[in-house]
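What follows is one structure encoded as structure tokens, with my remarks underneath.
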């Protein structure tokens, strides 16, 4: 790999030579969706490089994603919590600021993105449309329609792969047309990314001017209020601000501690560290493309070259970036990746439906303080440590409640500021033991995880735990009534009774998973709806107890 200059990862050294325009006599449009950054943005580079006329930087407010939904269980739209929408608006505002410094600006329009883009191409006489390639099914379908129209009217389309280190299509082709289903096989097939030796364009001296925007209703980046939200909808907002500037600041602060980077080892880390998280918290910036994964990769490689010893994938910081690549590739190459039914890599399991239990888990009212504390942090901040995510996901699915991973996925998809279609679905399948596991049956991972969550974290985050002493904080129902009264946390009054008894629930979940695994093996995964119904009836007949009504003895 070519050794980069020592300044490549310095926060003060982002400017490279300006991009030179080609004499094509045409207008370009750069369509921002993710990739909300100036640095290392090949679509922006091509649009500015190839335009001798005007360049139109566009972002479309998609009602599907941004329009308020009063019926949702938390403030936000039907698909995204208000924390993520706010993070996105901050990212757009920062992008607009960066473009204005270069003589351009972000043109914000509203409507169904495909229809809006067609009108833009028509009215602005665009001859070159540039946007970052996106593997999400929604954008795959949208992009197909837009590219089909562009082709019909002679508009050149440039859609580079830059949201990920690798092109998922290339990996799948190398693997014989199938997505690799294990992390190690992915690493072996992928090898070193081409960006390892690329010189990335980090900034520009200027950008082509914007032409006449006509009558398309172009606006500045809206505020939350202008979208129909209220600033007081949440008592506490995520402390993580959106935008490229914040992404680069956070990246450079993280990598400046070379020893920390060299010794980073997942799953180690303190999930209770809420004031100063024990991870980089770069995931939301990678999700929205405020930070280039390619630049992140190069910065990590530079640090590794400067230290004598460092951790390696899968546990290293680089390993975490490669996990992202693995899930993107597997998701792209697997039909119905976001579903159990019709998903060829997902075990068919007769998950139960219990809307009350799901709501208790979602709202932080399970009666298990560390679970509730995590879910309250999710509701308030839209972010939590990866061990916290593991704990609540296991609790909901194969650890205690045996509720469908798709329902937990939907809650994460809505509330997380770093919610990413491929990674979210992949992790829920993994943690529910629905996919990516090859041993007979993994053990429960829920209760032992409580040791990671400190007394202080639980008291701060759990709204109902009062001032419960440390020895009772994990199982408050075991505290004497006098202790509960003094702590102002009487179980069943000030704090919910536990919705399930873990020991019995865990054994029952393990039994159900064992039966489901056996049926999947017997039928080679070809299980239909009737088979699942029969298995569900069998489980009930064999003695499935009503876990919901089993309560630990309360003092």
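Each residue, glycine too, has its Cβ placed from N, Cα and C.
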Of the residue ranges 412-435, 436-459, 460-483, which one carries the transmembrane segment annotation in TrEMBL? 436-459
Predicted model, mean pLDDT over the domain 'Photolyase/cryptochrome alpha/beta' (26-165): 96
Summarise the domain 'Photolyase/cryptochrome alpha/beta' (26-165) as counts of helix, strand and coil residues per DSSP. 58 helix, 29 strand, 53 coil
